[in-house]
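J.: Input: one structure, supplied below.
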Number of protein chains: 2
Amino acid sequence: MTVSDPVSESSSAAPDRKVELGRDRPIRLDCGVEIGPITVAYQTYGRLNADKSNAILICHALTGDHYVADPHPITGKPGWWSELVGPGRLFDTDRYFLICSNVLGGCMGTTGPMEINPATGQPWGLGFPVITIGDMVQVQARLIDHLGIGQLFCVVGGSMGGMQVLEWAQSYPDRVFSAIPIAAAARHSAQNIAFHEVGRQAIVADPDWCDGNYLLEGKRPHRGLAVARMAAHITYLSEPALHQKFGRNLQNREAVAYGFDADFQVESYLRHQGSTFVDRFDANSYLYITRAMDYFDLAAENGGVLANAFRGTRTRFCVVSFTSDWLFPTAESRAVVHALNAVAANVSFVEIRSDKGHDAFLLDEPEFHATLTGFLNGAAAHRGLPGRGGASQ
Amino acid sequence: MTVSDPVSESSSAAPDRKVELGRDRPIRLDCGVEIGPITVAYQTYGRLNADKSNAILICHALTGDHYVADPHPITGKPGWWSELVGPGRLFDTDRYFLICSNVLGGCMGTTGPMEINPATGQPWGLGFPVITIGDMVQVQARLIDHLGIGQLFCVVGGSMGGMQVLEWAQSYPDRVFSAIPIAAAARHSAQNIAFHEVGRQAIVADPDWCDGNYLLEGKRPHRGLAVARMAAHITYLSEPALHQKFGRNLQNREAVAYGFDADFQVESYLRHQGSTFVDRFDANSYLYITRAMDYFDLAAENGGVLANAFRGTRTRFCVVSFTSDWLFPTAESRAVVHALNAVAANVSFVEIRSDKGHDAFLLDEPEFHATLTGFLNGAAAHRGLPGRGGASQ
């Protein structure tokens, strides 16, 4: 890995990486506040080639992190795309250099509300500035600078990760050779803002949230955060998936118990989703990151015309949606494709037939994986990268 | 109005009515518990005719009540179907005798967890037995007995009210001349159970819920109940309705405020829905009534074959769904229609084109209203009721 900037870098147990960015040149956020220095936690897989043309930036979703293909340090579970990363796999570590960083405002090592504010010596809490998808991407661009990479071969991500892909393509078109926004949208819908608001209200309704100062008070708003996660989790699945997985099956019993314990398997499952989430996620981070998604509206930033976001682009796009995704339905992806078509961009659009809902991008979906492999192979050939096994395609 | 049973009846400010039922013969609930006497609060409109053949039972939804066409005593708002009730209207008070009672487990006068348990002299709280849609209907049947009515001309209701309609048709087929289940289902889906569970968890997560004893403790779990309402409210609307009504419009400002106040109108709207709901609804009632809906599964009660619920029925059915209802989608109504077809029942099925989502049954939908009027007129003719203006049809 090449390090071009004179920045300090600490490395905990490999391959965890952290870098300090913005010490000499603070990062100006969309809200007008400047922050820096900040810490960015990231992970890499594979090796950067000599001309630095094989780097893929993977952008994680709302509650994801940079442990794409490593066991999660808290849960011990495999990384969220671990099946896709490795020699000969979709993200072929023999061919590509993969980078994923924890987003600004996150809670897995990158500067966010649970980290210490150097100015006060206390956790940022609600003193942390409100951030945007654009701010997250700006920080990622600083990381890419730090790694000495001019142009990324590809930027890819699902859900909020897909928003970041679109933001990259708008803000740094010359630095993005190809882009794969998956199960994403160019703006957060009213319904999605509403679901986020429910989650936020669940958190702030928890007295242990302590007006955002729970870390100072030695508390954690676990109950509120669990409710937020439960509500959100429903939106990640499809009704058919819930029906097939659980239906009205009862939990370890023959008949309903006429009570408020988890009678149905779907209740038990949801409670489990809520209770395990609070061990690995910070409530204030949840507030900030959901807010960043709410604010995302590429058309609004471009005079109300989404196509203006991509005018003149030479990036090759592959837009992917899933039929049963009702959180980021195909219509949202189609709007992106229409905008790209309007500026004669190079764009593929694939709607994958799946009953797995929004979370399909994290699950075993062979047609989806074949689509990404095909697109990456084609883009690699255009970029002049060697094919699988080292031969030029 | 004819009163046939020797029961005590008190009437608060007309036309509010309350009746005590089950003193001599307790009500055996599905959970096995017997309760009685209980109080049932109800409302009537129009006059019962001489042969008691013109009674329509209106069944209310989860958070509805018996104030169908009167101002709500707490909110002061018009009754939830007030536009449909009156002389010459859809529910023509010159022709029909309308009855609506607050459901068992409710919080507007009928016995429920916020009422006093005579055995203890304290609010029932979680000591209240867990109830079912069948229990609610059994209590309604007692009320109809009390009113001296053998057969109802029609049983009608939307959402949970529609579940009650289906339960009536199954349990008392000879007492239901016609039935109109609207935006309903013969069983609560896994996704809907999941949404209910989120609401319940939001309530029990509120420390002011006090393990269900908040009334004794002088507290109210307003924050948790408001979050439950907000989550549920999203499911009552459609994404297109939210988009048209609010889109990404900002709340009284030119640009986003980079904060966690209600920036978007949809956030402000949802918060308002939550905060006003807690003034008129009891948190424990919310637990009990959502649980009753979760448990509803007519097929399961009939050997797994929904058609068995209606075998031999002579009731005339009009099943209604709305295209944009994703909480009780048309597929659920279609399953009911298929079951009715399988037993050669007399059934009309109308899917109303509407972008208003599940709540369409409460809103101004002319095609929906025309459908109900046409069905009621036809059924009235078959029942031998005089037509509009008193002439026989």
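Glycine is treated like the rest: Cβ placed from N, Cα and C.
The active site, nucleophile annotation in TrEMBL covers B:S159. The active site feature in TrEMBL is assigned to B:D325, B:H358. According to TrEMBL, the feature substrate binding site maps to B:R229, B:D359. TrEMBL lists B:54-363 with the feature domain 'AB hydrolase-1'.
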J.: Which chain-mates of B:H358 (active site) that are at least 6 residues away have a CB under 8 A from its CB, listed by sequence?
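T.: Residues satisfying the criterion: B:S159, B:A183, B:T235, B:Y236, B:L237, B:S238, B:F322, B:D325, B:W326, B:L327, B:F328.
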J.: If you count the C-beta atoms lying within 10 Å of each candidate's C-beta, which of the recorded positions B:D325, B:D359 ends up with the smallest number?
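T.: Per-residue Cβ counts within 10 Å for the recorded positions B:D325, B:D359 bottom out at B:D359.
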J.: Using all protein chains in view, find how many other C-beta atoms are within 10 Å of the C-beta of the residue listed as 'active site, nucleophile'.
T.: 27
J.: Could you list the residues of the same chain, at least six apart in sequence, whose Cβ is under 8 A from the Cβ of B:R229 (substrate binding site)?
T.: B:T63, B:G199, B:Q273, B:G274, B:F277, B:V278, B:F281
